[in-house]
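J.: I am attaching a structure below and will ask some questions about it afterwards.
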Amino acid sequence: MTNIRKTHPLMKIVNNAFIDLPAPSNISSWWNFGSLLGICLILQILTGLFLAMHYTSDTMTAFSSVTHICRDVNYGWIIRYMHANGASMFFICLFIHVGRGLYYGSYTFLETWNIGVILLFTVMATAFVGYVLPWGQMSFWGATVITNLLSAIPYIGTNLVEWIWGGFSVDKATLTRFFAFHFILPFIIAALAMVHLLFLHETGSNNPTGIPSDADKIPFHPYYTIKDILGALLLILSLMLLVLFAPDLLGDPDNYTPANPLNTPPHIKPEWYFLFAYAILRSIPNKLGGVLALISSILVLILMPLLHTSKQRSMIFRPLSQCLFWILVADLLTLTWIGGQPVEHPFIIIGQLASILYFLIILVLMPIISTIENNLLKW
């Protein structure tokens, strides 16, 4: 009798994706983050579902409904903080996952990479609309500032902003539609993640050497299932340490003040995972220029396959490119720090230099260094 997992129409799909999938024998722990992102997504959908059962998307009651969840609902506080800090873990995994793709040249899988960039945009959109829901000061002013950026679009900008707001300011209509978006987007992310996996399994995984591994494959189960379970345990451990010991570490104290349109907070800033893009936005004095730079900071990832001039796929044997990669990581950390600082000297100039360096490394220096490395190897 043949095994049911190989014959049953549904089980066959699961089997080919998670059990009998031929995987390279040498993929390191940097390859764990795809599965961790899946776990983060499931965790966010589940905690979000329970939060939505008690949340009300009305400007008069949104803030107090979140307080009610934390104080009166059984284990509401842990669900709320798992959801808030789960978003941070999601973005940590996301940034490492993208960084891994850049380092090991995984962007040469064009379809997988492009779907991944779309996924990144979608997750960022979801996190943004979600941050508005508690209706604290930073929620309200963050929504006002970021949606207002669309007014920089020539001719249709102002109409577009008012259309998104559902009125002439961020108000009840905005909150209601943001809640609707925040509820539907994770399911769109889940669907896109399946397409992402579908394209990945067409080509098979990359590996640290960047060399085709067709000659040396091992089954996904039990080797990588065990490895993924270890990663998942470490993820849940770090999340629970954050939730139980420092739940407000990554949040903004201003968001514990109910939204007040008449009182602007001294420093409007988004959550930490948007600070690098926010710093790039602020470093350009022109509104439209800032918006274009903001979008380009993520959209530049789509160009990575075109900018790959090296004759080797991975950076593992390219020390000059490695140096440049880690300078880029340091630059992004600098931008994240600058995004959280007030707009004053010396932070303005540091932000501008870091923003220039970011685009310079990706668009100019990396292709040049790769060509130099080719010449050094007489290729």
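Quick reminder: no glycine exception, Cβ is built from N, Cα and C everywhere.
Values in this document were obtained by computation on a predicted structure and should not be read as measured data.
Quick paste of what Swiss-Prot says about this protein:
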BINDING   His83, His182  heme b b562 binding site
BINDING   His97, His196  heme b b566 binding site
BINDING   His201  ubiquinone binding site
TRANSMEM  33-53  transmembrane segment
TRANSMEM  77-98  transmembrane segment
TRANSMEM  113-133  transmembrane segment
TRANSMEM  178-198  transmembrane segment
TRANSMEM  226-246  transmembrane segment
TRANSMEM  288-308  transmembrane segment
TRANSMEM  320-340  transmembrane segment
TRANSMEM  347-367  transmembrane segment
J.: Any chance the transmembrane segment (288-308) and the transmembrane segment (178-198) have 3 or more Cβ pairs under 8 A, given the pairs are 6 or more apart in sequence?
T.: no
J.: Compute the C-alpha separation of His83 (heme b b562 binding site) from His196 (heme b b566 binding site), stating it in Å without decimals.
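T.: Approximately 24 Å lies between the Cα of His83 (heme b b562 binding site) and that of His196 (heme b b566 binding site).
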J.: Are the transmembrane segment (226-246) and the transmembrane segment (347-367) close enough to be called in contact, which here means at least 3 C-beta pairs under 8 A that are separated by 6 or more residues?
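T.: As far as Cβ distances go (cut-off 8 Å, pairs 6 or more apart), the transmembrane segment (226-246) and the transmembrane segment (347-367) do not touch.
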J.: Minimum Cβ neighbour count within 10 Å among the binding-site residues His83, His196, His201: which residue?
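T.: If we count Cβ atoms within 10 Å for the binding-site residues His83, His196, His201, the smallest count is at His201.
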J.: Going along the chain, which residues six or more apart from His97 (heme b b566 binding site) have their CB under 8 A from its CB?
T.: Phe33, Gly34, Leu37
J.: For the residue listed as 'ubiquinone binding site' and His182 (heme b b562 binding site), determine the Cα separation and express it in whole Å.
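T.: Spelling it out, the Cα of the residue listed as 'ubiquinone binding site' and the Cα of His182 (heme b b562 binding site) are 29 Å apart.
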J.: Any residues 6+ beyond the ends of the transmembrane segment (113-133) with a Cβ under 8 Å from its own?
T.: 55, 57, 62, 66, 87, 90-91, 94, 98, 101, 106-107, 139-140, 142-143, 146, 170, 174-175, 178-179, 181-182, 185-186, 188-189, 192-193, 195-196, 199, 270-271, 273-274, 298-299, 301-302, 304-305
J.: So, do the transmembrane segment (33-53) and the transmembrane segment (178-198) meet, by the test of 3 or more Cβ pairs under 8 Å (sequence gap 6 or more)?
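T.: Output yes: the transmembrane segment (33-53) sits against the transmembrane segment (178-198).
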